[in-house]
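Under the heading S-adenosyl-L-methionine binding site, Swiss-Prot lists 33, 34, 35, 51, 82, 96, 103, citing sequence analysis as support.
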């Protein structure tokens, strides 16, 4: 069953994407369908949605029943989507890089430290699971992953405790891992749960989320029409840095060769984006008050000035 999910920065996403009648849009991270549905309801447009999680197919079918040929779903991760999209181009593309509530709230998915369940964390159910990683990785690798992807200053202490624990028993549940992390750091009431950063780090590593994002951005020019908009909502400083650097590296004002000849200009064909958001937009205090998962969200948007 799909749990209730509140899309983050929904209004800001729609404003940046600016959907129009007759145009086609790509939702790279379908999840519970919040963005796709909002885009479809905003005007008489078309949406193609992607997701590698087979558990969202039922929700996609529900939306397809309501919107017919205006909606299409493809089961794939967005980095591998280019072949399946068959050279189709879009007027706008949106990525929500966060984990949806339906994934966090279902214990069997193994994403959440709030719900005890199998230690899995795989979006697609394939590849290395969190359980395999936690129980087989060397202490240094564990510490490096937790530090790099979780910004966790206690990463070495946590990694040491994990290795000590697994000498006596296998770490096979989210509850066990959460308690190991909490016992390593200490848990002060009212503060963010100490397990937050470690769980985030392992999830990002297991699903190669940063690698997938980088691979997609390298190829996104091939599927975005001229004047098409690219909107990315990220939840981690490393994700935001990748997006920020990509926008910066691919957007630049035309270079004037001579200060006396305004028409003597060159345009670098690799600088194909115009940044819409001068700096990352953050969730409003009101939204964070209603949805705590919005607290770390950042939105960046850019427009293709030519193909």
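From the backbone N, Cα and C atoms, a Cβ is placed for every residue, glycine too.
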Sparsest-packed of the listed binding-site residues (33, 34) - C-beta count within 10 angstroms: 34
Per-residue Cβ crowding (10 Å cut-off), top of binding-site residues 35, 82: 35
Cβ contacts of residue 96 (S-adenosyl-L-methionine binding site) (under 8 Å, same chain, 6 or more positions away): 7, 8, 13, 29, 31, 35, 233
For residue 33 (S-adenosyl-L-methionine binding site), the three-state class that DSSP assigns: coil
Residue 96 (S-adenosyl-L-methionine binding site) in three-state DSSP notation: strand
